[in-house]
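Read through the structure below, which is laid out as structure tokens, and then see the notes.
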Amino acid sequence: MSLLVNTSRRVPVGRLVVYGVVLVVGLCLMFAPFLFPDVRAQEVAARICVFIVLVASYDLLIGYTGIVSFAHTMFFGLGAYGTAIALRTMGPGFDAILLGGSLGVLAALVLAVLIGLLSLRVKAIFFAMITLAAASVMMVLASQLSEFTGGEDGMTYTIPRFFSPANTLVEDADGKALRIFGVALNGRLALYYFVFLSSLFLFLAMLRIVASPLGTVLEAIRENEMRAEAIGYRVVSYRTAIFCIAAVIAALAGILRAVWLRYTGPDVTLSFDIMLDVLLMVVIGGMGTMMGAVIGVVIMTLAQFYLKDLMEAGASATADMPLLPDMLNPDRWLLWLGIVFILLVYFFPAGIAGTLMGKGGHK
Amino acid sequence: MSNAILRLDDVYTDIAQYHVLHGISLDVPEGGVHVLLGRNGAGKTTTLRTIMGLWRARKGAIVFRHHDITAMKTPDIARLGVAFVPENMGIFGGLTVEENMRLAAAHGRFDDQRLQRIFALFPAMEKFWDRQAHALSGGQKQMLAISRAIIEKRDLILIDEPTKGLAPAIIRAMIDAFREIAQETTILLVEQNFHFARALGETVAVIDDGRIVHRGSMAELAGDEALQNRFLSLSMEAH
Amino acid sequence: MTKTISDTFERFGGVFLLPVILGLVAFLLIGRPSTWVTLTVAGLAMGMMIFLMASGLSLIFGLMDVLNFGHSAFVSFGAFIAASVLASLGVWVTGGSAAMNILALMAAIAAATAFGALAGWAFERIIVKPVYKDHLRQILITMGALIVAEEIILMVWGGSPLPVPRPAVLTGSFVFGNISIEVYRVFAFLLGLAVYIAMHFALNRTRVGLLIRAGVENREMVEALGFRIDRLFIAVFMAGSALAAMGGAMWAGYQGLITPAIGSEMMILVFIVVIIGGLGSIEGSLLGAILVGLMANYVAFLFPKMSLASNMILMMAILLWRPYGLKPAVKG
């Protein structure tokens, strides 16, 4: 795709819209406990924070470097499982989070180096298959080593008391948690801000990475691998490096997820459904734009939480028609998502953010 | 020239975001060997691939006989009687010599007379008839690629750097073979080896940076030192 | 020293020795011949069914450079269509008449295969064709198609496990002394073998086969010789999808109980097979499938928890040894 054409077509308005939306999302997340005090909305907000990190780190691979990996939830899961297992065996303490989390991240790093060196020299498609195979083995391991992992059921555990709703951060005159705008300053709030600030930090780190010389080299590799090699870049090393960075960030996101949920199981970390979600989020938001990750995550998460209600209504409204209620059954929401996804890949391969920002996306 | 078998008129070709050809205009007269000279990256291979429809011209027209082939698909161009021997020779290594040739023969049946003539030109083909092509030497692969191009009568053969990496003795054999092939067909040859080109070519075009910078007869170029210095430094400096 | 070993290895069949070596090692570890025979037959049968699913994927990739992540949808559809056909034929399937049994079975397999071919045609035209030569979008779009296909299966057949009636003639076992061999396994093995032989013949003895082999190596040159490779693409895509559906149908009969996840469960093994075997060659697919089938059954018996991981380790080991698989199609 011609770079020249794209620059001339760039619409600053679209760019402003994207940055504006991201800013609004950021502000909403920052003040989420005050803006949306109900429990479900806080779950949504925390999920969005963690997934922005996860999806943006995946975008480092698929969008910025052109690597298709299906092992991203495996790394996510390693971080989560490491934390969860440590919390369960060592008891609720920050030392457990630190140790378990570090081990999880380390495991992710080692695996990423191994997979990267072993197979990043082969074709993209080969790599996709190998990561898919690795991820499914990890999934099977997690369900079979049930004495460590809780198997299919996963495991619940307690997190440090500091993060519990019973912990008061600032006491008022009666010795209860002080309330600001009706929101108690308790451990639960601290936990949310722990998740939010960690996610923000990781997201900014990734923005820094893509703006760094490393990011530029990666884009050069994506655009023309042979040329990059000819110029003298060691393509495999760069790819392995970014693969490891993305894996570590995914594992860190996994720690956040494990601490927030106080539960870790295949369905919330490792499963292929999560991998699909991540893929859909990246593509919907726009590959190769960190802003796209934010938009994709927000749209998909809101859809997951609220679209099903809408479909439910649609299904009951069309109950006596043939086929339609089946198709509008809330369980079938993936059908529609799949169709939307295919259409997006055809017509807007740059995703929402990419299209708005006039980035033609890459071929 | 009205007797041109192939005419390129102001052809522009892009590869990805790179502009490679910037208005190539070229007439290839019917019969004989015609040479396209130029240094690496000048656009010689791109020109051949554009003619063959393997890359699309963004602008301009390519006319073969009286067919406008600019937008035609590669197989249809081939069926008009154009053969292509790419730089990497395009040999099917997992197929035997026979199978490689059979693919190019009309309806998969050999014309015995032509086959015997090919065996006379390149005895190695008969010798290694049942051998897998990847086991052949570089020169033999080149011979196979050329044999495959002439197993049926073609009107135009596009050949990309056939002498690349070949020993001088084999190059001499190639010259004889090309002379014989050129009796019945037209050859458009891309070369960097000037001696090979001079031995065969009737006309020559020099290409540089995606444009034709000189056109004329080979005799004229061969006889004019100044001209050679001007253009062959272009085509030689890569060596 | 190593050179002599590798020379001897090549002389006695090279990589085709691997299943034999695997069998011997397993024999020593298992110790009981009757168990070993049962496991080996099960492994070979499973291998042949996986071969059906994998060979199409491998050829499609080899010829078109398209990796169809939606391939497993054809496996699932094949399984469910065969199950439905068998269920609807009732007494034909369960009755005592062997001829009727076989007819019913043929009908089920034929229906699955025909559906595979038709759906393959539609899939190639609608999903794959617009994204040729663009790997990233190919992976994404076939993935999207897989989601849609799985949802359609859920919509039509529901999510609960579906029992697959097995034709009476294929139930039970052959018994030789203390060795018993399930009839269905023998049938699966023979069917797979027949398909392999037919494919081998078609690829090596026919003009279309010659074109396919040439196309796997160098598509552009096939076009430059005057052949419309897009027509070849459709034919191979249809055949590959039909084979996947046939494999799904056979696998459904083997399992006896199927869920919509059948395709995705098999996909991992199919990918491992294609990677081990080397892309674009049916010999490679056969070899990879047999290795994976044997490995899965031996390990499931010896170390039950290691079954899938063992195949993964096998894949890693083979990739380290031969980065392009055991028997890749020759390129260039």
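Quick reminder: no glycine exception, Cβ is built from N, Cα and C everywhere.
These numbers come from a predicted model, not from an experiment.
Annotation source TrEMBL lists transmembrane segment at A:16-36 (among others).
Per TrEMBL, the feature transmembrane segment maps to A:48-76 (among others).
Summarising the annotation, TrEMBL assigns transmembrane segment to A:96-118 (among others).
Annotation comment: TrEMBL describes A:125-145 (among others) as transmembrane segment. Long-range contacts of the transmembrane segment (A:125-145) within its own chain (CB-CB distance under 8 A, at least 6 residues past either end) are made by residues 67-71, 73-74, 77-78, 81, 111, 115, 118-119, 151-152, 266, 270-272, 275.
As annotated by TrEMBL, transmembrane segment applies to A:191-215 (among others).
The list of residues near the transmembrane segment (A:236-260) in space but at least 6 beyond its ends in sequence, with Cβ under 8 angstroms from a Cβ of it, reads 46, 49-51, 53-54, 56-58, 60-61, 64-65, 67, 69, 71-73, 75-84, 87, 97, 101, 104-105, 107-109, 111-113, 115-117, 120-121, 159, 163, 191, 194-195, 198-199, 202, 205-206, 209, 214, 217-218, 221, 268-269. The transmembrane segment annotation in TrEMBL covers A:236-260 (among others).
The transmembrane segment annotation in TrEMBL covers A:280-303 (among others). Sequence-distant contacts of the transmembrane segment (A:280-303) (same chain, six or more residues past either end, CB-CB distance under 8 Å): 18-19, 21-22, 25-26, 44, 47-48, 51-52, 55-56, 58-59, 62-64, 203, 206-207, 210, 333, 337, 340-341, 344-345, 349-355, 357, 359, 361-362.
Positions annotated as transmembrane segment by TrEMBL: A:333-357 (among others).
Taking Cβ pairs closer than 8 Å, the transmembrane segment (A:16-36) reaches residues 42, 44-45, 48-49, 180-181, 183, 189, 192, 196, 200, 289, 291, 294-295, 298, 353, 356-357 in its own chain, all 6 or more past its ends. Between the transmembrane segment (A:96-118) and the stretches A:48-76, A:191-215, A:333-357, it is A:48-76 that has the most C-beta pairs under 8 angstroms. If you look at the transmembrane segment (A:191-215), the same-chain residues 6 or more away from its ends with a CB under 8 A from one of its CBs are 26, 29-30, 32-33, 42, 45-46, 49-50, 52-53, 56-57, 60, 64, 159, 163, 238, 241-242, 245, 249, 252-253, 256, 259-260, 290. Residues 10-11, 14-15, 17-18, 280, 282-289, 291-292, 295-296, 299, 303-304, 307-308, 311, 327 of the same chain lie 6 or more positions beyond the ends of the transmembrane segment (A:333-357) yet place their CB under 8 Å from a CB of it.
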